[in-house]
Amino acid sequence: MDINVVITRCEDYTETLARNTRKVLPTIGRLLLISTFVEDGLRLLFNTHDHVNHFSYNWGLNYHFSLFLTIVMIINLLFGSLFVMMRYKVTESSAVLGFTIFAQVILYQLYTTYHLLTRNISIVAAIMLLVAENMLRKPKPANYTQLPRDEHEIEVTSVLLAACRVCLNLMLISMVHFDMSYTRILLCIISYGMMIFVWLGFKTRMMSFMLATWLFAYNIVLNDFWNKDAELHIIRYDFFQTLSAIGGLLLLIHTGPGEFSFDELKKKW
């Protein structure tokens, strides 16, 4: 079978899927996206003493201030996730979640490890997709077609979507390890090929769907924390962060690549 025919059929299938699931896909995407924040908030809640000691020992903070800092992060993570899921003050809630991620990168010194840093940048990109998706779904006034076109908002959402496409796929870069087998190296090369397509905004929905499917399978097979006792916390952390990246890809399928993409340029040509 001609490869162009296969690609066209895959594109048609993805476009049909995006249309048929336009009401439920954003909800699934948001649910997967906030999973890492819920898990993080619950982990802080049930291990408050350990985190308070971490801040006190590593940063020399007062015990009560360390406790206050931990409680604030718990509230931000859990209530921010709840508000996002309820579509209540999405932009503000996303900003709170993004600020909390930034604070954790500093407080836990995650910037010293590329594996953790790239994953957190990927999660921030997924949060930005929440903002872009919320802007795109804002109701338009009844006489919107008769009003002058607001170019500013379209430009903002397009910039957000372009930035999200680039940063979201950093999750894949974090999967590279020096002790990888040849099979995993081959899988990474294939996934990086799809990642470049998403970066460029070329056949974005199809490639985002393929990446989301691949990441889901990768996550279930290699981050099965329910079957492992050793390094449980690290594997569980990777599992939920990968889920959030998948949620971001599902939102990208729903929103589309935006104006700054090859897909949109092809339409203008």
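Every residue, even glycine, has its Cβ placed from backbone N, Cα and C.
Per-residue pLDDT, averaged over the motif 'Di-lysine motif' (266-269), rounds to 70. Summarising the annotation, Swiss-Prot assigns motif 'Di-lysine motif' to 266-269 and lists sequence analysis as the type of evidence.
Long-range Cβ contacts of the transmembrane segment (65-85) within its own chain (Cβ-Cβ under 8 Å, at least 6 residues beyond either end) map to 30-31, 33-34, 37-38, 40-42, 44-45, 48, 51-53, 55-56, 59, 92-94, 96-97, 99-100, 103-104, 107, 130. According to Swiss-Prot, the feature transmembrane segment maps to 65-85 (among others).
According to Swiss-Prot, the feature transmembrane segment maps to 156-176 (among others), an assignment based on sequence analysis.
What Swiss-Prot lists as transmembrane segment is 182-202 (among others). Through the fold, the transmembrane segment (182-202) approaches residues 162, 165-166, 168-169, 172, 175-176, 208, 210-211, 214, 218, 252, 257-258, 260-264 of its own chain, all at least 6 residues removed from its boundaries and within a Cβ separation under 8 Å.
According to Swiss-Prot, the feature transmembrane segment maps to 206-226 (among others), an assignment based on sequence analysis.
What Swiss-Prot records for 242-262 (among others) is transmembrane segment.
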